[in-house]
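Record features (Swiss-Prot):
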- ARG15: site 'Transition state stabilizer' (SITE)
- LYS24: site 'Transition state stabilizer' (SITE)
- ARG164: site 'Positions MEP for the nucleophilic attack' (SITE)
- LYS222: site 'Positions MEP for the nucleophilic attack' (SITE)
Amino acid sequence: MQATAIIAASGIGKRMQLREGESKQLLEVGGFPVIYHTLKAFQMASSVKAIYIATRLENRSILEELAAASGFSKLKAIIEGGKERQDSVYNCIRAIEEEKRLTGASAEIILVHDGARPFIRSEEIDEIARLSMQYGACVPANRPKDTIKYVGENPEFFGETLDRSKLLQVQTPQGFQSNLLIQAHEQAELEGWYATDDAALVERFFPEQPVKIFETGYHNIKITTPEDIPVAEAIFSQISTRS
């Protein structure tokens, strides 16, 4: 089984309250940029044969130097990101398709991951790839710890409480058989339809396709706000102690 990874790393990190030109993927955790940890996990995953990163152009040289210095040999291309995350992923998909046209190289599975999730484990990546091959699609998730409620018609008040036992917090990498994901993105591009994750595109355009759940722990956080940095440092410290 061969998987290609797409890493979305072009977000400007508004909620991180960074200065103009800064990128949350380049913030340091454990003495290394966030994206270093992310790339290392995919480099170590035996199922992954190639990695494409979507990022801002001003980060290209930094990522090239990081990959060369760290021996990230699977990094195939650094692609310019789009206006939205979905555009960035689609830019990578088009690059993957162009590589296939030129060389005949193709992947059975495409994994789409948030660059700001640095603690996914290589064995989890391999298992998601395996389940994606078996079921067509697989998405990692964990169970919410908090009670979740709808906001009422009056947005200053709550509506009903949701059944927490039927809810999951969705994460990445999300895995798909390649043709399925490519067709979903192509259709979304034609219709101008946007979703917050890739599984939602598959759900919309291929409603008959089941999406396998892969439950993870709470280590696979997405670094989104300043409060996430000390949490990430604590997770890194715990991981380093165990290894």
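For all residues, glycine too, the Cβ spot is worked out from N, Cα and C.
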Please work out the number of neighbouring Cβ atoms within 10 Å of the Cβ of LYS24 (site 'Transition state stabilizer'), leaving out its own Cβ.
26
Cα-Cα, whole number of Å: ARG164 (site 'Positions MEP for the nucleophilic attack') versus LYS24 (site 'Transition state stabilizer')?
31
In whole Å, how far is LYS222 (site 'Positions MEP for the nucleophilic attack') from LYS24 (site 'Transition state stabilizer') when you measure between their Cα atoms?
11
Counting Cβ neighbours within 10 Å across all chains shown, tell me which of the recorded sites ARG164, LYS222 comes out on top.
LYS222
